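Student: For reference, TrEMBL lists these features for the protein:
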TRANSMEM  B:62-79  transmembrane segment
TRANSMEM  B:91-110  transmembrane segment
TRANSMEM  B:116-135  transmembrane segment
TRANSMEM  B:147-165  transmembrane segment
TRANSMEM  B:177-196  transmembrane segment
Amino acid sequence: NHSRNKHDEL
Amino acid sequence: FRLLGDLSHVIAIIILLLKIWKTRSCAGISGKSQILFATVFATRYLDLLTTFVSIYNTLMKWMFLTTSFATIYLIYFKFRATYDKNHDTFRIEFLIIPSLILALLINHEFTVFEVLWTYSIYLESVAILPQLFMVSKTGEAESITSHYLFALGCYRGLYILNWIYRYVTEDFHDLIAIVAGIVQTVLYCDFFYLYVTKVLKGKKLQLPA
């Protein structure tokens, strides 16, 4: 979940 | 905040490309900073291959990748003759190697993708130094170059607000990105000061002797 959140940002 | 941050990032890149294209010259622009930014995007957006977030996300990532390589092409090939090589003398290995070592030591997970992502975050935070070094060496910057730097500096600053907002509303935070983002924004502070006190008043950005 943590990494899913991260890919969201640029 | 994130949208504003992204927009300000896009505007920065467009300003830079337009400046080079319209004046047919990349004088005053650090090719080394641009190489670092392209490295940042190339190592961070590897997730394009593995994770789909949204069309917006995918388009933006591709845009940052293509424009950063296009900028390098303009500086080192098309308008090579105008590139200010003698003033672009920052040693980028001093940024690349420590960022890589730090990424290997401090990361969320010791995997190739994760270390490269972390590396891109660390490298991004210092990637502007060759450009700032160049401005300090020549003692001045064209107005258009200062607008570029201002938009680029705003982007990470706005991301900090986004991270505060996300922490409050989603309880999500990423310490690596936050600390690096703060470092990155702090590096621009001196420039922000000069931008507000000089460029916005119609003067050229000139460093005090």
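The backbone N, Cα and C atoms fix where each Cβ goes, and this holds for glycine too.
Note: TrEMBL annotation is automatic and uncurated.
Help me picture these features in the structure, burial and contacts included.
Tutor: Taking Cβ pairs closer than 8 Å, the transmembrane segment (B:91-110) reaches residues 32, 35-36, 39, 116, 118-119, 121-123, 126-127, 129-130, 174, 176 in its own chain, all 6 or more past its ends.
Beyond its flanks by at least six residues, the transmembrane segment (B:116-135) meets 28-30, 32-33, 36-37, 39-41, 43-44, 46-47, 84, 87-90, 92, 95-96, 98-100, 102-103, 106-108, 141, 145, 149, 152-153, 156, 176-177, 180-181, 183-184, 187-188, 191, 205, 207 of its own chain at Cβ-Cβ distances under 8 Å.
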Student: Please give the sequence-distant neighbours of the transmembrane segment (B:62-79): residues at least 6 beyond its ends with Cβ less than 8 Å from one of its Cβ atoms.
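Tutor: Those are 9-10, 13, 16-17, 20-21, 24-26, 29, 31, 34-35, 37-38, 41-42, 45, 48, in sequence order.
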